[in-house]
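Following: one structure in structure tokens, then a few remarks.
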């Protein structure tokens, strides 16, 4: 192939042949070649004299003639923005297709890519619809003048490539172009050198300037920057100017020592008295009115939470050294919202050059929000708060495999038991940084994480580094996971020549904007996040009930509860440590956000990693605990306590979710892709019988809730013997054939049984009826005579039709007729008294009206009448 291309290049070269080479066709060209402008025959030109402009699809990189697009059918012409089409036709007429209107295009997509993006068969549709865009909001007069100028052809015969065979890509720069696929391309450096040597400066190719168009940043959807930043910064700076209201949150600060799992589970059962102060209720974290928890330095700071941070003189260069200078990290350009990968060393050097100690600060504002540091030297200097470690699903339920010579999965599961029990024994005490209690257990867990040879969700340790002016748009953390967030204290200038990330005495803060996760607000967020247009031009605060603002300073720590919608503004350079965690106190919201992510087509790689698999681990562990809770212990001196009622309520949601997942596996009408997806996310090494585990968990949870009086008696009265017919969670009972089907049918009836109403034996008192005698009134009226045919009666002719209507569509004269109206009223009433003295009276009233109109041949002489008694007899209606 390379030899053929080289031969063609030699033959086509003007140096070799002295003849013109026909232009390269595009996929839309006709068999006769590219389209010719109307003036080509008048001026005596040929097709080889025309410089065809090329445009590439931003999705598939396929190249097309701009003229072929403009002159194509509606499918292809419709890919061009309408404003461009109207401007070209208005200013250039028939010659417009050959003008350089491509210069006005920002992003463009070909028809096949547009069709595929909306096709139901596309397994991975785009997050937002593909739409062609323009460089500017409107086309300026200078743009029109520039587009009408002809592209000059080089007069030099030493040009290495014919200009007619050169594509002008949408990202090409002046003096650099990309040859067509049929020409053997030299290296970029050689081509630039030859172009400089052989092409006059005045004849240099006029390509489009290179630019990076603003795009949605999917790499960091958890903290995405998906909208134009500048307008939101202006809005939050002066909300009143734009007619908006942002309230101060004024969330009360809490003492750090209070935040433990024991505090979360100190809420008594509904209806029972509580001795907890209203400001310290644990429902502030997991209740319907939950709100962010803030711990200030005066309340004990991060250390009082049982956490640990690096020393205060930590710099970005230190972060790079501890994590690895060559570690790649996603760096977000806040202004263009474009994400690119840098090494940490490059990031540290950029921050150093942008420090307040330098004379000139870099104008570009960047943000790093996705640096996960697990398994690094920096991770050894960071410990999450105790409450996070106590309730985090990953730490407490994930099955880590240590590999050869290490603990197996079952031993890790027993390690969970011992770790949790030891934490429960110490729940009344607080661990300071110097305490070693429980240290061996935590070290074992960290050792398992380091030695594991299987992936696990690494979301608990993040280092975030933001420059002044950074903005993180509205988002809910993946799977509605909770977040702990602490601002590292300001660094001092080192004695060495290195310039610190922070200038001395700088004021470090973060401003959070919160929207409460109510049902309506979550619906509004789902609508906003699922619409590219609304993310671009709609302030989410306009779609929700209210927006509240919280400002954090260096040393402050905040724990954001499940499902909170929030945005973040960084007014000063900052280093932040934080992480995400799932827990058992808001499972319903976590599952709800999982569904929102599916509905809004969030790519799987931007959701909580291995979420479904983690749910199965949680279900297996809790089901085992509930099974042991009811086990007979002949030598036991104490009785184990069931999980907190809030945990049981949330486990009910989890069980229903897992039952629905197994339902997909059992559904023969479900798509194979959906069934395989569910199957692959079940940890088969632990969960041998997914359906049995899900239903057993549902049954055991409902039994415990019933014992606490939080469920109907029927729901908690399912006998264990009935459940055992389906086997244990490990599938120890194996039954084949019809017996399995028969027992499953019986089980489904048990679990699908509806609770009987508490008023099933209630007999209300009888009604006392009062029926009035019919009231009959006869009057003489003037109405047109209706048609007696059935078709006309159906079409509306008759007394109810418009006056003057007749069978033939004409107008009849009014005739005298007799109208008889009968009115019947019936009322009934009943009254009962409850045990507490409440009296309830119910009444009903029914009115029946019947009308009859009679036309006669001689109404003016002979009155058509009927004895009143007979009419009443015929019309009497028995209710």
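A Cβ is built for glycine as well, from the same backbone N, Cα and C atoms used for every other residue.
Here Swiss-Prot has 475, 477 binding Fe cation, and the candidate from 338, 566, 583 in that same listed site is 566. Checking the ranges 278-320, 364-406, 407-449 against Swiss-Prot, the region 'Disordered' annotation falls on 407-449.
In this structure the alpha carbons, written CA, of residue 472 (substrate binding site) and residue 566 (Fe cation binding site) are 9 Å apart. In the three-state DSSP classification, residue 475 (Fe cation binding site) falls within a strand.
With DSSP states grouped into helix (H, G, I), strand (E, B) and coil, the compositional bias 'Polar residues' (769-782) comes out at 0 helix, 11 strand, 3 coil.
Mapped onto three states, the DSSP output places residue 566 (Fe cation binding site) in strand. Residues in the zinc finger (23-116) partition by DSSP class (helix H, G, I; strand E, B; coil) as 42 helix, 11 strand, 41 coil.
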